[in-house]
Structure formats: structure tokens, C-alpha cells
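Engineer: Handing you a structure now.
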Amino acid sequence: MLERIGFIGTGSITEAVIQGLAASPARPAQVVVSPRNADTAARLAASYPFVRVAADNQDVLDACDVVCLAVRPQIALDVLAGLRFAPRHHVLSFISTFRMDRLATLLPDVARITRLAPLPMVARGLGTTIIHPADPLAARLFDQVGMGLEVADEAGFDVLFAATALMGSFFTMLHTQGVWLQANGVDAATTRAYLASFYAGLSAVAKDTDTSFAELATEFSTRGGLNEQVIQDLSAQGAFDAFGPALDRILQRIRKA
């Protein structure tokens, strides 16, 4: 168990990670959070006695050896400017578009820098957090709030990071399907319960088998049946083909930032 971990940036991802750690065997003895988002910081401190709100970002660095950078890329340079890092710091960067070479330039005194992409599901102990380079401490920590997946090369990390941009489209798909169900007479509560359980079941099937996704699509689509018809209709409208170009643009954004 970590004795102490700090967070510079106290937004939704920091809150999710702390919530997940609070319910896990890996809960640190103390978590120190920056005061930048005062409402979130105060809520965390009120909810968890092991959370302390720092006086400022430098206070986080002075108090902790392991520090998570959890700020938006747009403000990261301003936040990091003037902060005094030291060789003892082990930095876990959640900054989406800051690659290793840029982080090393910004933090020349830091001996250990690791990129991670924790997702909101870690609050429930679910999902996968990608990690680069391999980092036993980060892997152990995030194995307690889902699964930590170490990625050997940064190019592969960036590709997986791009896939995190699919979360919003997933919920938009649920919303669109829910609108159709309700327009055809299903009440809102039943719609939500059915679709959430429906996709949870399909995800469980995908997770618990080695069968490829393409083979599962065939297995779940009887020839001449309803599922095959929907695949054909969506394919004809280019729905599936749109994913590749959309993800290409996300990957380009990550690599060119």
C-alpha cells in the first residue's frame, strides 16, 4: 500500500480514482489533492478522512513522492510552470496529449515519469487503465480499481488512448436507441434498465471468451434474421465505416499535440 499519493488537478478523473482507491485494498494512508477545483476538493475531503486539501500545487509536491498530473492539456503548461519537481518524484501523468518526450522536457528533474489513461469507471473498480512504460507501482495501484494494462511502446499506448474517445459515442448510441424504444411506447425506466442490462450482457460475453468480435457478430446474427438485417442496413449507411476515420483524427490529435 502507498503511504501517500498526490493529485495536481482535482477534476472528475481525480475524483473517480480516489473513489475507486477508497473502496480497494490499495487505499493509501493519505491522499493530498490540489485546491484548484475547490468544490471537488472539499467534497473529497469531507467524504474521505484520508484526503487532505493542499495549500497549493507545490504543497502537493512537497508532501508526496508519487504525484498524479490530472489537468487538462489546455492548461497544463500554466499549471506546471514554476512548480519545483525533484528526482524523488514518481510522476503519473493523466494528461491526454502530452507524450513522453514532452513530459521529459517539462520535468527534467524527475527520475520516473509514466503515462496513464484512467477512465471514469475506476470509481466502481471497473475498466482498464493503460500504462506506459511498464511501471510496477502504477500497475499494482490500478489493478485494485479495475485492471492496469502495461503497454510496451508509446505508439501502441497512443492507439489505445484514442479508443477512449469512444465513450461518448457509446452513450449517444444508447440514447438514440432509447429514444426509438420510448417513441414506440416503452417507458423511460424500462428502456434504461433493458438497454443497460442488454449491453452489459453482451460485454460479458465478449470479455469471457476468446472468440473474435467478428465471429461473435456472425454467431449472434442468424442468417436471414433480425440482427443480420440491422447489420446490413447500418453497413449500407456507412455507420461502421465511420469509426475508422473518426479514430484516425483522434490519433492524429494525440500525436501532434
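Easy rule for this one: first residue shown is 1, then count along the chain.
Using N, Cα and C of the backbone, Cβ positions are placed for all residues, glycine too.
So TrEMBL lists the following for this protein:
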BINDING   N57  NADPH binding site
BINDING   A70, V71, R72, P73  NADP(+) binding site
DOMAIN    4-92  domain 'Pyrroline-5-carboxylate reductase catalytic N-terminal'
Engineer: How many Å separate the Cα atoms of N57 (NADPH binding site) and V71 (NADP(+) binding site)?
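Structural biologist: Per the Cα atoms, N57 (NADPH binding site) and V71 (NADP(+) binding site) stand 12 Å apart.
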Engineer: Return the residues near P73 (NADP(+) binding site) by Cβ distance under 8 Å, restricted to its own chain and a separation of at least 6 in sequence.
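Structural biologist: Correct list: I95, S96, T97, F98, A257.
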Engineer: Could you give the mean pLDDT over the domain 'Pyrroline-5-carboxylate reductase catalytic N-terminal' (4-92), rounded to a whole number?
Structural biologist: 96
Engineer: Check P73 (NADP(+) binding site) against DSSP and tell me helix, strand or coil, would you?
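Structural biologist: Its secondary structure by DSSP: helix.
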Engineer: Around the C-beta of R72 (NADP(+) binding site), how many further C-beta atoms are within 10 angstroms, looking at every protein chain?
Structural biologist: 13
Engineer: Please give me the CB contact count at 10 A for A70 (NADP(+) binding site), counting all chains in the structure.
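Structural biologist: Other Cβ atoms within 10 Å of A70 (NADP(+) binding site): 25.
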Engineer: Measure from the Cβ of V71 (NADP(+) binding site) and count the other Cβ atoms within 10 Å, all protein chains considered.
Structural biologist: 27
